Amino acid sequence: MEVTLRITSPSAAAGLVPRAICRPRESISSKGIWFRDNPLDYSFPLIMAQVSLVLLTSRALYYLLRPLGQTKFVCNLLGGIILGPSLLGHKKVIKEKLFRDKDAHLFEILSLLGVLYSMFIIAVKLDKNMLRRTAKNAWKIGLPGFLVPLVVSLGLVHPIGSTLPGLKGGMFLIYFSFSSLSFTFFPVIAQALNELNLMTSELGCLALSSALITEAIQWLTVVVQIIYAHKSPIQGILALVSLFALTVLIFFIVRPLILLIIKNTPQGKEVKEVYVVAILLGVLVSAGISDALGASPLAGPILLGLVIPDGPPLGATLMQKTEFLVSELFLPVLFFRVGFMTDVYSFQDWGSLGKLQMVILLIYGAKIVTVTVAAVCCKIRFKNSFLLSLIMNIKGIVDLVVFSRWRSSGMLDQQSYTQIVLSMLLVTLIATPVVRFLYQPQIRLEPSSKHSRTRNIQSPRYDSDFSILCCVHNEESVRNITSLLESSNPTDQSPILAYVVRAVELIGRAAPLLLPCKKKQQEEGGTKKLKRTNTPTHQLMRAFWNYSKNSKGPVSIHAFTMIAPYNSMHETVCRLAEDNNIPLILLPFHENNQYTVGANVMAGIRQFNVNVQTYSPCTVGILVERGLPARLTVSHFSYNVGVFFIGGPDDREALAYASRMSGNPDVGITVFRIILRNELKEGNTNEEEVEETLDESLVDEFKIRNMGNDCVIWKDIEVYDSVQIMDAIRNSQGDYDLVLVGRRHTEISLRDEEMAEFVQNAELGVVGDMLASVDFCGGMVNVLVLQENVELGNGAFRANSAKRSAKWTKVSG
């Protein structure tokens, strides 16, 4: 097919006849190699080759650099620079065959799509109410960390900025460019902390809160800069008015429709696919409208994302449908485009380069010094203060989008843009591994002695409060946990304080949350208030509040909702236990609801349980729910408990818990003490002798406390080896509602590494795993496996047990 192009030259006005040039239309796809066509001469196969090369490069770099603490941002940007004109793209043959200038606009469109949906996702995941829940000291750190570098950057404009030829657009835009170097964007910090697995750490929460303090100011500055970029002031004013009209349209027309979609979605169900498609299409429509109005095409998707509530049902569904595709396909293309715009061979004016580099170093240095000093003044350790300052200097996609926009608008020349991008890459490349390898989440930020206490079940007196932290994932665990709380003997002298935490996986949100659930919300009037209490969390907590009213003893319920990734969820739980001096954490076994949750959720819950066992400041109990919960009514409660005591700190915790239960007349307890004889007693080390002394002391205390108690039965069983231990336990089956046992034992054969081959669930230990299997009571009895905090013990037994525990976890995983 031929296309006729009619070209009229200036001489046409003089009466000359215009010339017509005919040329064939280029095809976008190749006929095939069998017709001797080079596929790279056509747009479609060339784009496919470029995208494939970009994805392979970025994934290969991420595979190599991730163990060194690097994030996807660093790997993707580094991949783009490697493929760009700074390295491989500088070679003539590669540039002519693979990265032709005439096909660059196609790649630019793909990268723009990546930017649009990335900004939309960032806006959706942003918690609009998080500013009310900022962490302690966030204002004291975030505000100086923003203002001081901003003042430094603005102070450098007149002496240095006016002498830089690479910054164009007048002094006002130079002010914007310098100030943007000092910005710390909340979504960037959240993404980096998520990849570093520090989202729920104390340092991570403080960094997120500090970054959020000035987020609105920074975004407003970016929007004003985009509008001011217009050549005519009148155009800028029209663009501003149009953007305001678009904002009103989205917030007052689109937002009610979004809320209506959420209202019509049943609890626990995903939003209908037609609504998801409509919203994703709305991203493109809003981008086109905002671009047509003279504002940035990013304004529409950002505004649309802000009116969509984060989390389930709509926010979580949108993330599940789009986030993986955008982050793994479109973002690498975007970073390649940035790398293609970065060219180290553009460095020509070395004087200008030195001045701009001094500005960048002074701004980054000002933020590091300011944040560090502010954090130290808040009584945070110097090491953690310095790491916090590094986190606040991490750069990401939002920074790239801002500076790339300036480069496309001609406000930055090639050299200045390349220098700024390389500086962002370098500071992030250094900051992330330093933070990852130097920060220890288990060590508190503030050097306070009150956080150094470790507790166990034996530490509270029988005439003091007994606190228990109960983690629940769904309603199925409520009845067994409330039965366990009732059996723990709440009395006026020793009331129970139950901290109930509903654990929810972080999906569709930018930052983790720990929110208290207030009971009084149920009694407030109004349809909006009532709708909020119909959430799954409030339905679950209502069951605990009802139990608190009906309990025979005083039980106080402190309810929380925890939203965090499973791989770092344990940090929030451990901090809550440490801050409230809680001696016992109860966790549901990951297989308790294996028929109602997916395999991925089960794996996440299991990793959460193992992490809590590893880092907990107190005793941890994993509740395996195999049998029916005990009958718990206002007038009647009956509970039958079996205890297996072999010896060791974990078994002592089980016996101490049984001792507390023994004060409840509605609880029957049968204790089986396994006594080892003959050669197993020979050659004991000093540590084992200390353990035996502690065992005997607690046994004597238990017997004295329960003298004359008809509800307690004590049985001694003598054995000679580990085989007889397991046989004795199997032969001790009975009508139990619950069986208590420690995870680790002093008997060598029960903690040998070779036993890992026979243990299906290492977090339960050898005996606990057997009790939870069909070998004991047909697998129809509830089992509570207790593990004391590792720091409370000492000696070789603790060290070896910790090593074997880690190995078992690796094998079972």
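Glycine is treated like the rest: Cβ placed from N, Cα and C.
Sequence annotations record features per position, and here TrEMBL assigns transmembrane segment to 42-61 (among others).
Under the heading domain 'Cation/H+ exchanger transmembrane', TrEMBL lists 60-437.
Annotation comment: TrEMBL describes 73-89 (among others) as transmembrane segment. Here the transmembrane segment (73-89) has long-range neighbours at 53-54, 57-58, 61-62, 65-66, 95, 99, 191-192, 331-332, 335-345, 395-397, 400, 418, 421-422, 425, 428-429, 432, meaning same-chain residues at least 6 beyond its ends whose C-beta is under 8 angstroms from one of its own.
The transmembrane segment annotation in TrEMBL covers 109-126 (among others).
Distant neighbours of the transmembrane segment (138-160): 171, 174-175, 178-179, 181-184, 206, 209-214, 217-218, 355, 358-359, 362-363, 366-367, 370-371, 374-375, 377-378, 388-389, 392; these residues of the same chain sit at least 6 beyond its ends, with a Cβ under 8 Å from one of its Cβ atoms. According to TrEMBL, the transmembrane segment annotation covers 138-160 (among others).
As annotated by TrEMBL, transmembrane segment applies to 172-193 (among others).
Annotated transmembrane segment per TrEMBL: 205-228 (among others), in sequence order.
The transmembrane segment feature in TrEMBL is assigned to 234-262 (among others).
Among the features that TrEMBL reports, transmembrane segment is placed at 329-347 (among others).
Positions annotated as transmembrane segment by TrEMBL: 359-378 (among others). Counting residues 6+ beyond its ends, the transmembrane segment (359-378) has Cβ neighbours under 8 Å at 137, 140-141, 144-145, 148-149, 152-153, 156, 160-161, 178, 181-182, 184, 210, 384-386, 388-390, 392-393, 419-420, 423, 427 in the same chain.
TrEMBL lists 385-404 (among others) with the feature transmembrane segment.
The transmembrane segment annotation in TrEMBL covers 416-439 (among others). Within the chain, the transmembrane segment (416-439) has long-range Cβ neighbours (under 8 A, six or more residues past its boundaries) at 68-71, 73-74, 77-78, 81, 86, 164, 166-167, 181, 192, 196, 198, 201, 203, 338, 341-344, 346-347, 352-353, 356-357, 360, 364, 383-384, 387, 390-391, 393-396, 399-400, 403-404, 406-407.
Looking only at the domain 'Cation/H(+) antiporter C-terminal' (639-788), the predicted model's pLDDT averages out at 82. Residues or ranges marked as domain 'Cation/H(+) antiporter C-terminal' by TrEMBL: 639-788.
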Folded-back contacts onto the transmembrane segment (109-126), same chain, C-beta under 8 angstroms, at least six residues removed: 47, 51, 186-187, 190, 280, 283-284, 287, 297-298, 301-306, 308, 310, 315, 318-319, 322-323, 326-327, 329-331, 333-334, 336-337, 397-398, 401, 508-510
The domain 'Cation/H(+) antiporter C-terminal' (639-788): DSSP-derived helix, strand, coil residue counts: 68 helix, 36 strand, 46 coil
